[in-house]
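Chemist: Below, the features straight out of TrEMBL:
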ACT_SITE  A:Glu339  active site, proton acceptor
ACT_SITE  A:His340  active site, proton acceptor
BINDING   A:Tyr142, A:Gln203, A:Asn226  NAD(+) binding site
BINDING   A:Ser249, A:Gln271, A:His274, A:His340, A:Asp373, A:Glu427, A:His432  substrate binding site
BINDING   A:Gln271, A:His274, A:Asp373, A:His432  Zn(2+) binding site
Protein chains: 2
Amino acid sequence: MQSAQSFPKVAAMPQFLDTQDAGFEAAFTALLGMKREDSPDVDAVVAGIIADVRARGDAAVIELTSRFDKLDLTPDRLAFSPEEIAAEVAKVTPEDRAALELAAARIRAYHERQMPEDACWQDSCGATLGWRWTPVSAAGLYVPGGLASYPSSVLMNAIPAKVAGVERLVIACPTPGGVVNPLVLLAAQLSGVDTVYRIGGAQAVAALAYGTETIRGVDKITGPGNAFVAAAKRRVFGKVGIDMIAGPSEILVIADADNDPDWIALDLLSQAEHDESAQSILVTTDAGFGRAVVAAIEGHLETLERRAIAAASWRDFGAVIVVRDLDEAAALSNRVAPEHLELCVADPDDLATKITHAGAIFLGGWTPEAIGDYVGGPNHVLPTARSARFSSGLSVMDFLKRTTIARMTPEALAAIGPAAERLAISESLQAHGLSVRARLDRLNGGQR
Amino acid sequence: MQSAQSFPKVAAMPQFLDTQDAGFEAAFTALLGMKREDSPDVDAVVAGIIADVRARGDAAVIELTSRFDKLDLTPDRLAFSPEEIAAEVAKVTPEDRAALELAAARIRAYHERQMPEDACWQDSCGATLGWRWTPVSAAGLYVPGGLASYPSSVLMNAIPAKVAGVERLVIACPTPGGVVNPLVLLAAQLSGVDTVYRIGGAQAVAALAYGTETIRGVDKITGPGNAFVAAAKRRVFGKVGIDMIAGPSEILVIADADNDPDWIALDLLSQAEHDESAQSILVTTDAGFGRAVVAAIEGHLETLERRAIAAASWRDFGAVIVVRDLDEAAALSNRVAPEHLELCVADPDDLATKITHAGAIFLGGWTPEAIGDYVGGPNHVLPTARSARFSSGLSVMDFLKRTTIARMTPEALAAIGPAAERLAISESLQAHGLSVRARLDRLNGGQR
């Protein structure tokens, strides 16, 4: 069995674990419990910003945008004008536009299949039961500014909303110093966004949740953001719906020896390059293959544009885990509940049946995770930080809600009403019971 | 047009609005914006309790239970023993048991229909796409103690979890002074709950979220609770999943003149009796009918067991709104987005098609809302405080999560990979692009 000692000392060496080592369980538990995010406690600041926006509306938003984004706005310039959007969108190259259009079409086709169906049936006692789905009326998408201003994320948030039938769809995207990414505006246009506000931070979340003189409030806010945005979303949750509190991204790759180490290295790096807090884990049945992947990563880290970020992520949070077999690999992966999971093995479909917790699965060596980020079709907004144990990626369901339906006939009420009355009495809710009893009495020819 | 002046002055008079009155819009907006909940700011206290439970585990839970519930426990007595449960359950009358069993069977049958289907298809470029649903592994249900300890809520939370396939299902229910409701334990037994902990408050939520020496942590926490429980759920959200932050209950009844005012009065009161913060609104096309309902409510308020609570709710938050027609009624109801909506009109199915936001709809005069609380089949855990604008009642979906699936063939990657590479480059994510490029190069007979 090889261990970390057999590696030369390099800058960005990940953890190297083996399930057959004595200390494995402790090391793996430590890996699971690693605190990757350095989330500053901005809650008090955010509470103040929200209160300010609620009290002073546009004036507060404009003042905070000037302070944080170095951008001076007026109420009529909070949103991009159609002319401004057209001028920015005109800068996009035909190649970039074609790529974005392909992505939009594929994401739309995938999400259209997610539309759930209404249901209605009669049960044995004659009651009609069922449910109906209706869209959220208005949604707001938060799009980060600067480096993390990803046009692909605009598509991933906006298209499911439009497929669900959301009537009014707006974006809040800060433009520090007035700089905007033309591709973000094109993505908004391609997905049917109605309005793009050039505001960000907790003030944008507050404005979307509570509305201002100029900005109409929405019912649901989705999209990633920094610590201020996350804290603001948590605070406005309840007043409006939110998607999730996203954490740093992660990937777990299960690979056997029959893979090109370079492909797997690049897949791991494509997660690591996102963020110093990102996590890339390789689980392999072959220690030699694991070492080859580590070597390939070392090589790429010499030339990669974002090598400082990727190296830090790989060094601090990366791991190579050697397992006895694929069953063990699946069991470990389920404990991690990774956001992204690649199954680079001979029979990925079989291995997939053993996976119980993962945001998205990429089957086989020809499916790099990056395909899912852009053009695969499934959503790239996925549960991070082990939350795939209890939550799902963004979908049309996030922009729909279900209304349950029930209709009793007199016969149905006669059949099940007495049980309802009995339970109401047992819970000391007399009026509940009487509301049933008054109807039963009518049926029995009783009073009234 | 009649107005409130035509009523005698009584103790529990609701607001009486008419859409044709000049001040209607302002009055209705005020009604919508009413702050019904007096939620004390317990966040700092709750933060301390959670930190204490994380640091000291069982010892903290036991100490806090002694302080808040006047109940002294030991680690081995945190959960009810099978013998204790059997002894309590034996106290339930055959009639109560039969009613609870009927409710459980109907709730189970309804929720079994909610199970979503997996999907898998091949698209035109040869990619395989789809998704799979898997259950949350472990869920914890919070059940309030004392007066609000409703066995029906145990069924409504636990049965969807079991239908979804949750393996381990536990309940936390405080038993102040050691007093427990036998029907709660029977409901737990009927719905397949594994363990019932006699703990409550923020300490119970913390124990379920983080685990202690004795209590295994869960992945999802659902169920209603007081301000401490709500604040704790908000704080642990992200570490575990939660259902919703429930507020005080509400009902809106749309009724024409062809109804028995007494039935409608009892339906409104069955909401009002829950809580002084509950809200009951009647929307009617007939002012005379509205007055008859108000009079019937007055009558019942003289004898109702919970008349103090019901009268306060009706006086402070009740409203009768006279509308021109049913279209106007639907439009107002959609602005309220009520938790419960009764449509007591000649053609309730037609009116239902105009409803865009409601937690649950009860069709026709033979369907009192109380049926939905117990035996109808649909869930009674529903979005309150206008959150039906963006959320749904509890369902099996709350205990399931979706994993998306993608599998490229070499041909599929050749077709869509270049667009992914292009978008990756536009987002300055080089490794993303390279992970696609390395595979495309292999196809093109390039390097390696």
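Cβ atoms are placed via backbone N, Cα and C, with glycine included.
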Chemist: State the Cα to Cα distance, in Å, between A:His432 (substrate binding site) and A:Tyr142 (NAD(+) binding site), rounded to an integer.
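Modeler: Just about 44 Å between their Cα atoms.
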Chemist: Using a Cβ-Cβ cut-off below 8 Å, which of the recorded positions A:Asn226, A:His340, A:Asp373 are near chain B?
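Modeler: Cβ contacts with B, in sequence order: A:Asp373.
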Chemist: Same chain only, sequence gap of 6 or more: which residues have a CB within under 8 Å of the CB of A:His340 (active site, proton acceptor)?
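Modeler: Those within reach of A:His340 (active site, proton acceptor), by Cβ under 8 Å and sequence separation of 6 or more, are A:Ser249, A:Glu250, A:Ile251, A:Leu252, A:Gln271, A:Ala358, A:Gly359, A:Ala360, A:Phe362, A:Glu369, A:Gly372, A:Leu382.
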Chemist: May I have the list of same-chain residues other than A:Tyr142, A:Gln203, A:Asn226 whose Cβ is within 8 Å of the Cβ centroid of the recorded NAD(+) site, in sequence order?
Modeler: A:Pro144, A:Ala172, A:Pro174, A:Gly200, A:Gly201, A:Ala202, A:Ala204, A:Val205, A:Gly225, A:Phe228, A:Val229, A:Ala232
Chemist: Of all the recorded positions given, namely A:His274, A:Glu339, A:Asp373, A:Glu427, which is spatially nearest to A:Gln203 (NAD(+) binding site) at the Cα level?
Modeler: A:His274
Chemist: Mind checking which of A:Glu339, A:Asp373, A:Glu427 has the fewest other CB atoms within 10 A of its CB? They're the recorded positions.
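Modeler: Candidates: the recorded positions A:Glu339, A:Asp373, A:Glu427. Fewest Cβ atoms within 10 Å: A:Glu427.
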Chemist: Which residue, out of the binding-site residues A:Gln203, A:Asn226, A:Ser249, A:Gln271, shows the minimum number of other Cβ atoms inside 10 Å of its Cβ in this structure?
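Modeler: Per-residue Cβ counts within 10 Å for the binding-site residues A:Gln203, A:Asn226, A:Ser249, A:Gln271 bottom out at A:Asn226.
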Chemist: Are there any residues at least 6 positions away along the chain from A:Tyr142 (NAD(+) binding site) with a Cβ closer than 8 Å to its Cβ? List them or say none.
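Modeler: In sequence order, the residues whose Cβ lies under 8 Å from that of A:Tyr142 (NAD(+) binding site) (at least 6 apart) are A:Ile171, A:Ala172, A:Cys173, A:Gly200, A:Ala204, A:Val205, A:Leu208, A:Ile221, A:Thr222, A:Gly223, A:Pro224, A:Gly225, A:Val229, A:Lys233.
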Chemist: Look at each of the binding-site residues, A:His274, A:His432, and point out the one with the fewest other Cβ atoms around it within 10 Å.
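Modeler: If we count Cβ atoms within 10 Å for the binding-site residues A:His274, A:His432, the smallest count is at A:His274.
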Chemist: List nothing but the largest Cα to Cα distance in Å, as a whole number, among the residues A:Ser249, A:Gln271, A:His274, A:His340, A:Asp373, A:Glu427, A:His432 that the record says bind substrate.
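Modeler: Taking every pair among A:Ser249, A:Gln271, A:His274, A:His340, A:Asp373, A:Glu427, A:His432, the longest Cα gap is 55 Å.
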Chemist: Do you know offhand how many angstrom separate A:His274 (substrate binding site) and A:Asn226 (NAD(+) binding site) by C-alpha?
Modeler: 14
Chemist: Report, in whole Å, the straight Cα-to-Cα distance of A:Asp373 (substrate binding site) from A:Glu339 (active site, proton acceptor).
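Modeler: Rounded to a whole number, the Cα-Cα distance is 12 Å.
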Chemist: In Å, rounded, how far does the Cα of A:Asp373 (substrate binding site) sit from the Cα of A:Asn226 (NAD(+) binding site)?
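Modeler: Here the two Cα atoms lie 20 Å apart.
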Chemist: May I ask for the distance between A:Glu427 (substrate binding site) and A:Asn226 (NAD(+) binding site), taken between their Cα atoms and rounded to an integer number of Å?
Modeler: 46
